[in-house]
Amino acid sequence: MAYYSARLRTRQTYSWVGRPLLDQKLHYQTYKEMSMKREDYSTEIHIQVGQFVLIEGDDDENPYVAKLVELFEDDSELYSKKRARVQWFIRFCEVPVCKQHLLGRKPGTQEIFWYDNPTCNSNISVETIIGSVRVVALAPDEVMPIDLKNKKTFFVKLSWNEKKFKPLPPEVFAQLNKLQEDNHRYQKPMQAKTKSAESPSWTTTEHAVKRIESRHSTSKSRHTASHPVTPRARKRLELSSFPRTPNTRISPAASCASLDSPGRMKRKVAFSEVMSPSKRSLPDGFQTSSPALKAPEKTGEIQHSCTKDAKKTSPDHGMILRARAPALKITETSEERTLTPIGGGRKSSVVPSVILKPEYIKRREGKEPEVQDEAPSTSRIRRKSSVLTLNRIRQQLRFLGNSKSDENDEEFLPAAEISDCDSEEEEASTTPLPRRTPNSVSRNLRSSMKSSLQTPSKTPKKTPEPRTPRDATPRIRSRNLTAQGPTNMLEEARLRLHVAAVPESLPCREQEFQDIYNFVESKLLDQTGGCMYISGVPGTGKTATVHEVICCLQQAAQANEVPPFQYIEVNGMKLTEPHQVYVQILQKLTGKRATANHAAALLAKRFCTQGSSQETTVLLVDELDLLWTQKQDVMYNLFDWPTHKEARLVVLTIANTMDLPERIMMNRVSSRLGLTRMCFQPYTHSQLRQILLSRLRHVKAFEDDAIQLVARKVAALSGDARRCLDICRRATEICEFSCQKPDSPGLVTTAHLLEAIDEMFSSSYITAIKNSSVLEQSFLRAILAEFRRSGLEEATFQQVYIQHVALCRMEGLPYPTMSETMAVCSRLGACRLLLVEPSRNDVLRRVRLNVSQDDVLYALKEE
C-alpha cells in the first residue's frame, strides 16, 4: 500500500459544494458533494456522497477505507463542524490476530471486507478524509486479481461481523455493483494489465512500419489493425516468426508493402559469396513456411500471402528477420537510420533498415548455385556423411524410446545394419538441416553418439536417490509415527507430573483466580483500562492462574457474556533488550514488524488517539523486573497507556519481588502502576499434597507416606510446586531402575523420594567427588592437608605430591609416580574441581580448590 502522509492534512481546505438541504428531524444541513484543495496546488478534488474514500487512521501506510453515506454540518461540535457519516470497510490486518484464521485462505493484496457492526461509530470529521478510492464488489466464485499496479483499487467479497466472515448480502452486493457502474472513471484492472503487458519491442516495430509506410506504401488500409492484439496472438506470432540475427530487422507488413508498391525505390544489396553459418538452428516451421528465400518461382505466392496477412494483422504483429553482419555487403541503403532494440538482453546498436525486394531475392537465388558449384566436393561428401550420421542417430534414439515404452521382448538391431538406400530416401524426403557452427555440430554429435553407444537394458534402472530440492522450505522436523503411550503405571505418573502438563483444574488458587477474573471482567464491561501488579516467589502459580483466567474470559466472549477482546503475552526472559517489547507487542497486535522506536510511536498513537482502538486489549507482561532500564521509559509507557480513556488497555504484570515498585521504580512510574496488587504466597505442605493428588488422580504410583514426605520437605524449603513435581518425577525414574521386574514395577517409596531429594538439593561438585576414584580422593585429601599445614588456600604441585605420598604410606597404599599424580591433577582440573596453572610450570604450578573445604570434607566422609 502506498504511504499516505498525514502531515499534509493541515494544509488542506475543505468546503461544501452545492446548496444545503435541511434535515427536519436532526436539524442540520446536509450536502451532496464536498471539495478538497491544497494550498500548494491549484486543483480541487470533488467527492460526492456514495463514493469510497480513504480516512486517516493509526497507520499512515494503511488508512481506513469507507463509503460516504452522508455529508452534513453539525453546529454542536466544537472542533470540527463539517461531519460525515460513513460505512466502514475493514482490512485483513485490522482483524484481530486470534481470529484471522477464520478466513481459511490467504487474503488478497487489495482485499477489504464489509464491516457489519452497527455499534461501531460511523460519525467522522470531514478533515480526516485523505482522498477517493475505488472499491469493486466480486462474487464468491470470482478470482481475486493479483499484482495490481493501481494501489487505490480495492476488492470486496466477504463481510466481517467481529465473529466470522460471511458472503456479502445480496442487497449490499447489488448496491456496490450499481455504484461501480455509475463511476465512469473506473477501469477494469485486467485491461490495464493487458496494456502494460505489451513489450516495448513491438512499439518500436510499429513505429518502424509506420515510417516505411509513409515512404514506400501507397495504401494505408493494409496496415491498419481492426482489433487489438492479445498477448496470446503475439506469442503465437513470435513462435512462427523468422529467426532473429543481430544486424538486420525486417517486418512482413513493411516487406509486403514494398513488394506491392510499383514506384518503390531500388536498392541493390550484394551478398558475399561465402555465407557464414547461422548461430542458431532454424526450426522446421521456418524451413517449410518460407521457401521464397530459396525458390524464385514462389515469390508471387509470398507476395499474395503477405498482402492477405497485412489486412488481418496489425503492425504490432511484425515478424523480425535478422542477418549477421559479416555475411552482408550493403551497397545502397536507406538514408534513415533507426535505433533497433536487440532481443535477448543484448546491447542495442544503430543499424540501417533493409527491405527485402523481389530483385534482391532473385539475385540471391541466382548466386546460390554458383556458391554451391564453387564448393569443393569434399565438403559435399562431409555434409552428406553428417546428414547420414544424424539420421541414423535419430532412428536409434527413436528405437530406444519405443523399446522402453513397449514391454514386448524385441531383438536389438544396431545402427550399422540400417541400409544405405533407406537413408538416401530419407535424405531426399526430409527438409535440409539448419546450418550450424562447427563447434555446435561437433558438440551435438558427441552427445548423440554417447547416447547411441548405450545398449538398452530390459531391467529397469536404479531409482535415483532423493536429492535436496532446489526450493526447499525450512520447517521443523516432525514425527512420522505418533509417540508411544505409557506402558506402565510409573510412566503414566511421570507424564502427569510434568511441569508442561495441563491439569484438569488449578487447585489451591481459587481466591486469586476470582480476584483477577473480576478485575479484568470489570475493565472489559466498562471499556476502560487499568493495571494490576502480581508478585510471588517462583513456582506459586502466578502465570498459570492468569492463563486460566484468560481462557475462561475467552469462552465467555464467545458466548457473548463479555465484549470481545484481544490477548497478548510478552515475557521479559525472551527479549534480548527491554525496548524489544514494543516490537513484540506491535507484531502480535497487528502482525507487522518495525524497529523499536517506530513500534513505540505506533503503539503510542494507537493507545493515545481518540477513537483509534476498536476493542479492548489485555496485555500480560511476565518477568517485569527484566524490563528495567536506566530511564525506566519502557515501564513508564506500559503503565501510562492504560490511563488514557481511549486506550482500552488492561495490563497484567508479573514479577517475583513483592516490593519491586518501591525498590527500583521512580515515583512517576510506580504512581501510574496504581495500588491494585496481588501477592501469591508460597504453597503450604497441605496445598502441595493436594496438587500432587489432583495430578495423580486414578493413578496409584506413590505411597501415601511418600507424598506426605515430599510435600513437607519442599514446603519447608521454598514452597515451589515445580520443584515438588520434579522431585516426584525423578523418584519414579529411580523406582523404575531399581525394580527387578520391569513388567510389574512397585510403588514409589520413601527411600526413593529421599534419594531424589538428595540429588536435587545436593551440589553437583559433591556428587562428582563421591563418584571419583580412590587416587583422586586421596589427592584431594592431600590438598586439604597441605592447606592446613601452610595456612594458605594455595599450594604448588610439588608440595601436594609430598603430602600425597605421606598419606599413601600411612594407609598402606602404593603411592603413584610423579607422572600419574600429574595426570590425576589435570583430570580434576578439567572437571573444574581444582584451579590449576598451565603445565609449562611443571611441578611448580599452583593448585587451588574450586569448591569450599567443607564440601570436600562432607563428600569424603565415610558413611
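Residue numbers in this text run from 1 along the chain shown.
Heads up, the Cβ atoms here are built off N, Cα and C, so glycines get one too.
Under the heading domain 'BAH', Swiss-Prot lists 45-171.
Per Swiss-Prot, the feature compositional bias 'Polar residues' maps to 193-206 (among others).
Residues or ranges marked as phosphothreonine by Swiss-Prot on the basis of similarity to another entry: THR203 (among others).
The compositional bias 'Basic and acidic residues' feature in Swiss-Prot is assigned to 207-216 (among others).
Per Swiss-Prot, the feature compositional bias 'Basic and acidic residues' maps to 295-315 (among others).
The phosphothreonine annotation in Swiss-Prot covers THR340 (among others) and is backed by similarity to another entry.
Look at Swiss-Prot and you will find 429-449 (among others) tagged as compositional bias 'Polar residues'.
Annotated compositional bias 'Basic and acidic residues' per Swiss-Prot: 462-474 (among others), in sequence order.
The ATP binding site annotation in Swiss-Prot covers VAL502, GLY536, VAL537, PRO538, GLY539, THR540, GLY541, LYS542, THR543, ALA544, GLU623, ASN656, ARG722 and is backed by similarity to another entry. According to DSSP, GLU623 (ATP binding site) sits in a coil region rather than a helix or strand.
Over the region 'Necessary and sufficient for ORC complex assembly' (503-863), the average per-residue pLDDT in this prediction is 90. The feature region 'Necessary and sufficient for ORC complex assembly' is assigned by Swiss-Prot to 503-863, with similarity to another entry given as support.
Neighbour count (other Cβ atoms within 10 Å of the Cβ, all protein chains): 17 for GLU623 (ATP binding site). What Swiss-Prot records for ASP622, GLU623 is Mg(2+) binding site, and it gives similarity to another entry as the kind of evidence.
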Pairwise CA distance, ARG722 (ATP binding site) versus ASP622 (Mg(2+) binding site), rounded so that it is a whole Å: 17
Which listed residue (VAL502, VAL537) has most other Cβ within 10 Å, given these are binding-site residues: VAL537
Chain-internal residues near ASP622 (Mg(2+) binding site), provided their CB is under 8 angstroms and they sit 6+ positions away: THR543, GLU569, VAL570, ASN571, GLY572, MET573, ILE654
Secondary structure content, the domain 'BAH' (45-171) (per DSSP, counts of residues): 15 helix, 56 strand, 56 coil
Cβ packing number for GLY541 (ATP binding site), 10 Å threshold: 22
